[in-house]
Amino acid sequence: MPALKAGSRPPWVGLAAAVWVQIASGNAYTFPLYSHALKSVLGLSQQQLTILGVANDFGENVGILPGIASNKYPPWVVLLIGVFASFFGYGAIWLAVSETVHNVPYWVLWIALAVATNSSAWLGTAVLVTNMRNFPLSRGTVAGILKGYVGLSAAVVTEVYTMVLKGSASSLLLFLTLGIPFICLALMYYIRACTPSEADPSENAHFLFTQLASVVLAVFLLTTTILKDVVHLSNTISYTFIGIMVVLLLAPLAIPIKMTLFPNKKLTRPGSSTVLNDPLLTLTPSNSDMNLEKINDGEDISEVDALLAVGEGAVRIKKKRRPRRGEDFTFREAIVKADFWLLWLVYFFGVGSGVTVLNNLAQIGVSLGFNDTTTLLSLFSFCNFLGRLGGGVVSEYFVRWKTIPRTFLMMITQVIMVITYLLYASALKGTLYIATALLGICYGNPIGALLFSGMLAGYVFDTEEAKQGGSTCMGPNCFRLTFLVLAGVCCISTILSLILTIRIRPVYQMLYAGGSFRLPQSAGH
């Protein structure tokens, strides 16, 4: 697809469209809304349910193929694969929960859920990669905005679930089956490569407006969800709230509309020099020996190499030698490095444990006397949004301030998660909401889901349920041992994060010390 004219509005139209696709791509976070129906209608044990939760997380996080596809095919192809995955995956789950088809084999449900949630990887990768390429000078900001909307996706769906679908799990699954494909097909045309202008003095203001709009949306969703639990809302009020939510989701579209009505004629011509509107960054000519000639001559070069080239003398690339820290590694080269496995273990022990709680959030709430878990999920979504939006800002501050690696923030989150799990284990009055909020802020990729969720949480719950002799487990003992184990593994993850931070800090000192940066003249898109 040919690139669009530089300095035109399409990049901002594409960003506004990406917001809706990101809301759709967060479909994996909705598992707690229909997990109870899966368990009751299909007669599953808690361990069987948590293993289905593993399928949910497995599908969401297998992003290797979408990443490869994004480098070879246009965005609409990647989006279309996500559309088919969502339609067929959630369609199969809906057929089972609605009892349209009886006696669906368990393994079919597992594969269907993995395929359904894998749509989030395809949809998210398509819009994230495309928009980061469309805004090459603001990649971090764009990534933070779009990841923030993913964090809000559960709250958006919860709003629809409670106020329009009236808490019907079957209707929710049908909504996911048809709604996600509809949104993506309708917006597919606008998710495409553009050639943005190299300098726009109003760009920072536009991004700030988008961020403020997302914050207003987050506060609105949390407020209305809590209000729904406190007072009875009529259908008219409920639909009014949904209308306001839609308007807030459309807010980023105000930017290209404003650019149409009030065009800025003072934009820098393409090809002219550019300075980032950031007082911390000063773009100066680089004296690095790195192979910048490839960039200047317009030759093909990977995006990783281009990003590494911005460090003032940070990296030397020579032929026929093994890469060093801070350089581009192939997969085979990475897996033999201690840093790779330290990072993997941090995710496995620490960040991966968060998904165990999310997969079992409905049952955790019920066991502690909270039958309506929509408020918990909305709270989680709100805090997940704050964590995603603020995590990049905080880590960037540490990097610019004292060249402290971003893994330091991971270590901090592990400490917070230890506190979170101890709060869950205490089961004291009022701590459930506090713990869920902290979990949302720290939540990340669920690599450890199979071990902690499938083999630990489900087994402990079923064992305690058998002791009680009831149809469901009630009381803090249903998950207390699980939370204590999770707290322990997060302690291990904290130590590993500290070791990794110490090992890689010299790389950050090379890349960021001095604050002198150079942008490649060709984005290579």
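A Cβ is built for glycine as well, from the same backbone N, Cα and C atoms used for every other residue.
Fair warning: this is a prediction, and the values are worked out from it, not measured in the lab.
These come from TrEMBL:
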type     : residues : note
DOMAIN   : 11-257   : domain 'Nodulin-like'
DOMAIN   : 335-444  : domain 'NFD4 C-terminal'
TRANSMEM : 76-97    : transmembrane segment
TRANSMEM : 104-124  : transmembrane segment
TRANSMEM : 144-165  : transmembrane segment
TRANSMEM : 172-191  : transmembrane segment
TRANSMEM : 206-227  : transmembrane segment
TRANSMEM : 239-257  : transmembrane segment
TRANSMEM : 341-362  : transmembrane segment
TRANSMEM : 407-425  : transmembrane segment
TRANSMEM : 432-461  : transmembrane segment
TRANSMEM : 481-502  : transmembrane segment
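Proximity of distant same-chain residues to the transmembrane segment (239-257), defined by a Cβ-Cβ separation under 8 Å and at least 6 residues beyond the stretch ends, is recorded for 9-10, 12-13, 15-16, 19-20, 23, 156, 159-160, 163-164, 206, 209-210, 213, 216-217, 220-221, 224, 233.
By the Cβ criterion (under 8 Å, sequence separation of 6 or more), the transmembrane segment (206-227) is in contact with the transmembrane segment (144-165), since 3+ such pairs are found.
Looking just at the domain 'NFD4 C-terminal' (335-444), the mean pLDDT is 77. Helix, strand and coil residue tallies for the domain 'NFD4 C-terminal' (335-444), in that order: 89 helix, 0 strand, 21 coil [DSSP]. The stretches the transmembrane segment (341-362) and the transmembrane segment (104-124) do not meet in space: the count of Cβ pairs below 8 angstroms, excluding pairs fewer than 6 apart in sequence, stays at fewer than three.
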